[in-house]
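Peer 1: Reproduced below are the annotations present in TrEMBL:
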- 54-335: domain 'G-protein coupled receptors family 1 profile' (DOMAIN)
- 34-60: transmembrane segment (TRANSMEM)
- 72-94: transmembrane segment (TRANSMEM)
- 114-134: transmembrane segment (TRANSMEM)
- 155-174: transmembrane segment (TRANSMEM)
- 202-228: transmembrane segment (TRANSMEM)
- 278-299: transmembrane segment (TRANSMEM)
- 319-338: transmembrane segment (TRANSMEM)
Amino acid sequence: MLKVYDMHRSTDLLNTTLSNGSAHDSDLTPSVDILVIVLKAVAMTIIMGAAIVGNSLVIISVKKFEKLRGRVTNYFIVSLAFADIIVAILVMPFNASQEITGKWLFGRTMCDIFNANDVLFSTASILHLCCISVDRYIAINYPLQYDSKMTKRCACAMILATWIASGLISYIPIHAQFYTTNEHYKMLEQNPDSCTFHVNKIYAVVSSSVSFWIPCTIMIFVYFRIFITARRQEKHIRSTSFHSYKYIENGNLDSLLPVSTKSGKVSERTRLKREHKAAKTLGVVMGAFIMCFLPFFSWYLTTTLCAENCPYPPLLGSILFWIGYFNSCLNPIIYAYYNLEFRAAFKRLLHMRNSNGSCPSSFSARNGSDGENNKAKYIAVKKESTFTNV
């Protein structure tokens with residue numbers, strides 16, 4: 001994530017308090033200061049652990065279960081989960097160390113690597129969400145062309161472009177020192193225990209646009225179009241289901257449609273329902289993304305552009321920063337709650353069985369008699385002929 005605040009801040013006061021027995025600018029006692037450190041450490045550890053475990057479950061689920069592995073959308077989800085895991089492993093611990101100790105402990109070179117990794121993987125995470133929204137847009141608005149448009153090769157090309165764009169906005173400007181001012185660079189050279197990330201105005205505008213404002217605008221526009229199309233399709237499905245139901249009531253089940261046409265209609269409706277549920281999940285993911293990152297990037301751009309004219313409490317930067325990190329552990333929770341396939345996969349991986357000891361139905365072995373298959377088809381037709389919400 002993009003940083004612009006000084007890490008030498010409240011914890012400097014804490015060190016003075018603990019060593020001298022008094023805080024010059026604070027009424028907090030040393031015991032309260034220690035409690036604050038402990039609470040911060042616990043909260044940061046929980047966020048890091050949840051991000052690693054949750055996103056690992058996502059990757060393992062897609063790798064292990066063919067039903068998940070066969071969906072092109074999950075290529076983006078796996079790459080997103082990988083980015084979030086790396087944030088939790090290579091970025092969050094270094095930031096947490098600064099938050100707790102009040103200084104940088106890893107040297108000048110590691111400071112640049114840390115800053116570059118922070119921007120790289122946080123940007124990649126956001127751009128992946130943008131790719132997922134585009135994928136869902138094509139699936140909902142161009143269902144007949146989806147398989148030809150969104151191929152595995154196309155998905156891999158989009159993922160590669162996402163990582164390249166993230167690398168261009170992070171490693172090159174940071175290691176070439178394009179991102180900052182000469183004064184700040186000299187300050188870092190003279191203070192190896194400081195790892196501030198003070199950016200110039202040009203980099204602030206460009207980086208925030210690539211990392212957040214442009215992807216966010218695309219996602220909002222795309223999801224609005226998805227919502228409009230999904231509502232229109234939902235009304236069509238309800239209307240079709242109503243007429244089919246009345247026709248069946250009059251005893252015309254066998255002559256309603258040719259067998260192949262009937263099965264095709266059922267398959268199409270089932271697919272649309274699945275796509276609509278995926279779109280709803282995307283909406284929740286987008287909402288969480290905006291809530292976590294909008295405050296940070298608004299603050300980041302504002303404080304950089306107006307500089308000394310926009311003073312802010314140092315604690316504000318720290319809070320906004322970790323709210324952004326918190327997004328890395330939210331996506332697996334959202335998948336588990338809203339996506340039945342991922343929920344079933346997570347349960348199976350965690351050795352959670354149904355009450356009868358069987359595996360979750362979404363991943364049961366495809367065996368059984370023809371009668372069982374026909375029964376399943378009958379149930380599917382019956383469900384499609386009733387009034388259901390998408």
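Backbone N, Cα and C define each Cβ position, glycine as well.
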Peer 1: Let me check one thing: do the transmembrane segment (72-94) and the transmembrane segment (319-338) come into contact, meaning three or more Cβ pairs under 8 Å with sequence separation of at least 6?
Peer 2: yes
Peer 1: Averaged over the whole of the domain 'G-protein coupled receptors family 1 profile' (54-335), what is the pLDDT?
Peer 2: 84
